[in-house]
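> The structure under discussion is supplied below as structure tokens; questions concerning it will follow.
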Amino acid sequence: RGHWNNKVEFVLSVAGEIIGLGNVWRFPYLCYKNGGGAFLIPYVVFFICCGIPVFFLETALGQFTSEGGITCWRKVCPLFEGIGYATQVIEAHLNVYYIIILAWAIFYLFNCFTTELPWASCGHEWNTGTTSAETGTVKILPMLAISDGIEHIGNLRWELALCLLAAWTICYFCIWKGTKSTGKVVYVTATFPYIMLMILLIRGVTLPGASEGIKFYLYPDISRLSDPQVGPGAACLLAFLTGKNCRSLLVLKS
């Protein structure tokens, strides 16, 4: 098996695994929905009691066996080999919709290479500043392609299909040489999300009403802890985050 050239590449690869939709998108939503700072209390408890042990278990298992997500369990205990197949199925299902979201991002990226964003303004002097141009309605909104119901699949969208192909191609060339290629890619892919999050944070705290949002997290409503949805919500979020990266951490450490 391949080896990392240095420890920095491994640390960056793990840091890149931490950043995902679950942290950037789902966590703030659940935190706001379940009482702000009050949600952090059960989340931190579950993180210390479950998240950290699972993290070290996965990395230690990968380092000890130097095997993949399936064969590592065969080396430890053949009876547990089914765990490897189960995690493989989980990763396969996650890749199906994660790559779609990446294709959406590529589609929006291509549409951003214009002098003015097509959905930013209207350009007609008789309209207000909150309207958008017809270009945004014609080119951007149809990307959703919402059908009448789940029973109607809809037509194939070639522009999104090409973006999906581009997403898979990028992923392939990022890992096709194992740690030799991945180790170089993570210098960009692992640091860029943190830089963007810092930019969004600075932008967010400078917007009107940002102080109210900060107070919502700093002064939690402790009474929300009695809500039966807060604790399970924190546990489910942590289970989703750790389960999503379970096989990835094992393979990276192997």
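Cβ atoms are placed via backbone N, Cα and C, with glycine included.
So TrEMBL says this about it:
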BINDING   GLY16, ASN23  Na(+) binding site
TRANSMEM  36-56  transmembrane segment
TRANSMEM  96-114  transmembrane segment
TRANSMEM  185-205  transmembrane segment
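Help me understand the surroundings of these features in the structure.
Taking Cβ-Cβ distances under 8 Å and a sequence gap of 6 or more within the same chain, the neighbours of GLY16 (Na(+) binding site) are VAL186, THR189, ALA190, PRO193.
Long-range contacts of the transmembrane segment (36-56) within its own chain (CB-CB distance under 8 A, at least 6 residues past either end) are made by residues 30, 216-225, 230-231, 233-235, 237-239, 241-242, 246, 249.
Packing against the transmembrane segment (185-205) from elsewhere in the chain are residues 9, 12-13, 15-16, 19, 24, 174, 213-214: each is 6 or more residues past its ends and has a CB under 8 Å from a CB in it.
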